[in-house]
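Take a look at the structure below.
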Amino acid sequence: MQNFKAYVLIFLLIPFSMFAEDGSQLWLRFPNVKNGISADKIISKGNNPTIEIAKNELTNFWQGQTVELRTDKALKNQKDGYTIKSSSDKITISSSKEIGLLYGVYHILRLQQTKSNINNLNITEKPSYDVRILNHWDNLDGTIERGYAGYSLWKWEDLPNKISPRYKEYARANASIGINSVVLNNVNASPNILRKDYLDKVKVLADIFRPYGIKVYLSVNFASPKVLSGLENSDPLNKNVQKWWKDKASEIYQTIPDFGGFLVKANSEGQPGPQDYGRTHADGANMMADALKPYGGNIMWRAFVYSPSKEDRAKQAYLEFVPLDGKFRDNVIVQIKNGPIDFQPREAFNPLFGALKKTPEMVEFQITQEYLGFSNHLAFLAPLFKEVLDSDTYSDGKGSTIAKLTDGTLRKNKFTAISAVANIGEDKNWTGHHFAQANWYAFGRLAWNHSLSSEQIADEWIKMTFTDNQDFVKPVKDIMLTSRESVVDYMMPLGLHHIFASGHHYGPEPWGDYKGGRPDWSPVYYHQANEKGIGFDRTKSGSNAVSQYFPPLDELYGNIKTTPENLILWFHHVPWDYKMKDGKMLWEELAYKYDSGVKNVREYQKTWDKMQTYVDSERFAHVQSRLKIQTKDAVWWKDACLLYFQQFSKQPIPYDIERPVHELEDLKKIKLNMGHHN
Ligand code: GCV
């Protein structure tokens with residue numbers, strides 16, 4: 001009893017903030033703010049749920065001058081954008097829409113959190129993309145495909161009656177970075193999501209998200225008419241099927257009047273699609289587009305097609321979609337993964353970008369780290385996102401970057417969009433690794449403004465999430481900015497790709513050779529290592545995937561001398577003794593890259609340990625322990641790949657680098673039981 005009392009006493013004495021530092025507040029932390037300005041220091045007209053949220057944020061957290069929130073129809077061409085003007089005693093936020101005002105409020109709160117100057121502001125913001133959308137790969141049974149932060153946030157069993165407080169917190173976090181759309185369910189979609197009982201559940205979420213400016217989309221299964229209603233087939237040219245989708249659209253919009261639309265994975269990895277009936281992707285997409293058109297809904301049709309084919313897997317999307325250019329309705333947009341394989345640590349950009357001249361295109365990124373160490377490895381992805389957006393496709397001449405192709409600059413589309421697969425689950429800290437929050441944040445910020453630099457994004461995120469103390473900000477920013485490249489180095493440097501263990505995609509398995517299955521399920525297919533060299537020949541003498549790129553890139557990538565070295569093994573089969581730009585042989589270069597990846601992570605550990613005094617103990621210990629796993633994994637990757645490739649190169653591992661600590665035969669025996677297919 002005595003002990004119990006003492007325990008309660010200690011519990012009461014521990015300041016609240018120590019409990020709060022579990023990462024649940026994300027970047028919306030205001031550790032020293034008890035309350036914000038009083039309600040009479042907010043000037044605004046009218047009553048609206050979005051404005052109410054804006055006012056609450058100000059009265060809870062804003063410690064500066066009076067704020068005026070002004071809707072101004074003249075600012076209509078700024079879409080969700082806003083302006084901020086300030087003097088020493090007043091800040092005026094103007095926008096044509098209420099949501100723009102809320103975004104403006106999050107903007108000034110960010111300035112406050114990052115201790116930026118708030119006087120004499122004259123800011124105009126306009127989003128890079130109309131639709132800034134997260135794709136959840138959440139299944140209806142609560143599991144998440146490629147999710148590493150626990151089960152799904154959506155409690156389908158409890159809905160529509162019981163409402164988790166996290167729905168609102170989730171919406172708020174998204175609004176604070178400008179994300180305005182979400183796909184709730186996995187692209188490997190259960191037809192059940194379109195059942196009436198599920199739509200009633202979806203409606204509850206849509207109602208909660210609406211004041212935060214967020215529209216709900218759903219992934220749909222192409223076979224839904226047949227599966228749900230027993231139609232004879234789901235053929236897009238069948239009148240009954242067309243009517244089924246029209247009726248379904250009408251039912252959806254009666255329930256959710258501002259429903260965003262459908263995301264569709266068709267005829268890929270065993271999912272049903274129009275090709276099951278000898279129809280094209282355009283036939284399938286257009287049927288759905290016609291159904292949603294009267295209500296203003298969109299179809300995001302995925303170009304990730306991965307079916308049995310004799311062709312190089314990297315060529316598939318282009319081969320299937322280019323012939324369909326111009327055949328899609330104007331409310332269809334083709335959603336294209338950043339690379340032509342599958343969210344690898346580094347890929348060449350997808351050659352489909354720019355190749356569709358008459359069809360809107362959007363990027364799909366992956367925030368969840370399916371191929372970058374799950375939520376165990378620290379990998380800040382803004383540099384990856386930027387690398388892709390800034391890639392010049394040369395489709396419309398020099399300067400035809402993926403950003404400009406998709407944001408409406410070069411192609412005048414009805415709407416523009418950008419998407420990413422979410423890394424969010426029900427873990428307290430939302431994303432598993434505390435630093436994985438930065439990737440959700442970075443995607444939102446870049447979707448809003450793709451010209452922000454990775455450095456800028458990391459800087460503001462660190463200050464908001466941890467502290468603005470430069471002794472912390474600087475070293476931690478260095479870790480973040482180099483982290484993705486470190487992962488590339490210890491997993492797959494120089495353009496290597498997909499040498500992951502099958503199924504879970506966590507550890508190395510360069511020896512993987514699943515005879516009897518499709519060749520492109522095996523790592524040996526991707527690295528092609530033999531006595532002569534290593535790498536996938538995608539030049540004219542090989543798969544000729546280089547021909548899918550616009551000049552001069554086809555020539556540039558087709559020539560080993562002009563191929564960027566960070567992609568050399570993506571495009572070429574390179575002899576072990578090939579001389580690299582720094583004078584080393586390819587084999588040595590590979591070994592040094594693996595080694596430098598490991599070294600970097602060891603440095604991250606040292607740096608992080610020095611940060612202990614600046615971070616609360618809970619988050620400090622959590623990150624520290626994840627860095628241990630990351631280092632162990634990096635050594636595992638390096639040993640596995642070097643010992644395995646060494647069998648072909650027959651060269652010593654350069655003597656000045658750390659010796660392997662594993663036996664190849666032992667590594668081959670590791671079978672992680674992490675579930676999942678291919
Ligand atoms: C949702 C990869 C992943 C799959 C994923 C698929 C896709 O193959 O491993 O889990 O399925 O991509 O993007 O459709």
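Cβ atoms are placed via backbone N, Cα and C, with glycine included.
Source: prediction; values computed, not measured.
Quick look at what TrEMBL lists:
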type: DOMAIN; residues: 113-430; note: domain 'Glycosyl hydrolase family 67 catalytic'
type: ACT_SITE; residues: Glu269; note: active site, proton donor
type: ACT_SITE; residues: Asp342; note: active site, proton acceptor
type: ACT_SITE; residues: Glu370; note: active site, proton acceptor
type: DOMAIN; residues: 431-656; note: domain 'Glycosyl hydrolase family 67 C-terminal'
Candidates Asp342, Glu370: member of the active-site residues with the richest Cβ shell (10 Å) = Glu370
Integer Å value for the Cα distance linking Glu269 (active site, proton donor) with Asp342 (active site, proton acceptor) is 12
Rounded Cα-Cα span from Glu370 (active site, proton acceptor) to Asp342 (active site, proton acceptor), Å = 10
Neighbour count (Cβ, 10 Å) for the residue listed as 'active site, proton donor' | 13
Compute the average pLDDT of the predicted model within the domain 'Glycosyl hydrolase family 67 catalytic' (113-430).
-> 98
